[in-house]
Amino acid sequence: MTLSFFDQFASPTLMGIPLIAMALTLPWVLFPSPSPRWLNNRLSNLQGWFINRFTQQLFLPLNAGGHKWAVLLTSLMVFLITLNTLGLLPYTFTPTTQLSMNLGFAIPLWLATVIVGLRTQPTHALGHLLPEGTPALLIPILIIIETISLLIRPLALGVRLTANLTAGHLLIQLIATAVLVLLPLMPTVAILTATLLFLLTLLEIAVAMIQAYVFVLLLSLYLQENV
């Protein structure tokens, strides 16, 4: 029983072929494509309003150099939100519960922000490793600490997204299993547990959206330090 709870995080295969590529490609098919008409439908208008509001809030503190990242980070957030929410459907697979894939998103983007900072303003980028006014004896220790904290950033991005989604999926499966076990024994308790399951599912939908936003928000803050 313990092992079966974690089977949902295993990448599904068909005839020995991993289907994670299909899970990553499917969300793009669901997005509404631009229409040649003058007036779009409600779904396209809602999507455009959401993307415009998100881009405005996210890139407001950044200067003009950081606005070049708007398309990349906005597309990443919409993609992550879609993957996270689709993974809450029954008999589906959530690719963002895989730490390797989340690190595949986090490490290149974090490294790109660091490279941009070293290219455009190397003195300012390296100045983050040593706070101003540091005593001479503490300089080597602080440089090591700040370097470690800088290198941990992509790991923290990937682990945060993986841990939150994994914990939510496990809670949903545990409570759903409890409902099935309690239903023939104690129907009243099973109904109360099912209500809790419904509320937890709503919470997980919010968590799926918030975690995607936090992932992109932290990347934008790292970018803000380097542009």
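Here the Cβ of each residue, glycine as well, is placed from N, Cα and C on the backbone.
Features of the protein shown, as given by TrEMBL:
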TRANSMEM  12-31  transmembrane segment
TRANSMEM  69-89  transmembrane segment
TRANSMEM  101-118  transmembrane segment
TRANSMEM  138-159  transmembrane segment
TRANSMEM  171-199  transmembrane segment
TRANSMEM  205-223  transmembrane segment
Close approaches to the transmembrane segment (69-89) from elsewhere in its chain (Cβ under 8 angstroms; 6 or more beyond its ends): 23-24, 26-28, 30-31, 51, 54-55, 58-59, 95-97, 105, 109, 161, 165, 169, 172, 201, 204-205, 208-209, 211-213, 215-216, 219-220, 223
Non-local residues, at least 6 beyond the ends, that sit with Cβ under 8 Å of the transmembrane segment (138-159): 99, 102-103, 105-107, 110-111, 114, 128-131, 215, 218-219, 222
